[in-house]
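According to TrEMBL, the features are:
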- 1-18: signal peptide (SIGNAL)
- HIS60: active site (ACT_SITE)
- GLU113: active site (ACT_SITE)
- HIS117: active site (ACT_SITE)
- 215-236: region 'Disordered' (REGION)
- 218-236: compositional bias 'Polar residues' (COMPBIAS)
Amino acid sequence: MDHYALLLLVALFPLVCSRWTEEYDHFTFAQSWPPGVCAVAPREHHTCHVDKQVTTWTIHGLWPTQGSEIGPHDCNSSMKFDFSKIASLQKDLLTFWPNLYNDTELESFWSHEWTKHGTCAQDLPETTGELNYFSKGLEMNQKYDMLKMLSDGGVTPSPTAQYSYKQFMAAVKQSTGFDPNIECSYIKLDNGTDFHLVSEIEICLSKTDFTPVACPGSENSSKGGNQSGSYKTIKSQSNCPQHYNFNYPPIQYVLNRKTGMFELPDDLIGR
């Protein structure tokens, strides 16, 4: 009896996995602003570096999302990450989907995104297999150019200027038609002053044609919305300050925690 039960389990396992991967109704497409990521890297016990070829918002991930939760996740442990399958994309990945933590293996970020999220998007031809999945993410980064969307709305990187939450929201909505989810990095300066800068913007995309849709938790929806993770509930409230402005520094600038000013690193001065 145990032998037949085992055979039945083996036979049904692929069907269970296939059904599991379909349990999402849209994608969350998350783009990161490197200065915001790097500002909190020490708190995450990492060192961070933005290579000179990185000049725009980078991809955090293309995440299957069900309702107000990021997930499913880790759908097929047998689909091991194999960099050779996306080696042809390496130049674009280093530019638009880079691993900013330079104390980790170069491929570890891509491996994480594939294992946790990519394996759950195998029910669609556009995202089946590593090459298609990462190619689609790169395509979305070009199609939904966050740097341009914000700039078109009057929000441009500056070492000194600050912008409001409403300005960020309006700029993205002007291009996509829907409210995004916006995340900020929170830092306490050496003098104890609280400091915020934008770190990530997420838009929601249709599962059928990858066009923008209302994000759960936004003003366009009555559901809840946020960040990557294992079935994390999407935040209905951004962690960015909404009663005072926050920073959007140029991509190569770093924060001086003593002065609260953004500065060009020594190795870039004079270039």
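Backbone N, Cα and C define each Cβ position, glycine as well.
Cα spacing between HIS117 (active site) and HIS60 (active site): 11 Å, rounded to the nearest whole number. In this structure, HIS117 (active site) belongs to neither helix nor strand by DSSP; it is coil. Look at the active-site residues HIS60, HIS117 and count other Cβ atoms within 10 Å of each Cβ; HIS60 has the fewest.
Around the Cβ of GLU113 (active site), the number of neighbouring Cβ atoms within 10 Å comes to 22. HIS60 (active site) sits 8 Å from GLU113 (active site), counting Cα to Cα. Under the DSSP three-state reduction, HIS60 (active site) is assigned to strand.
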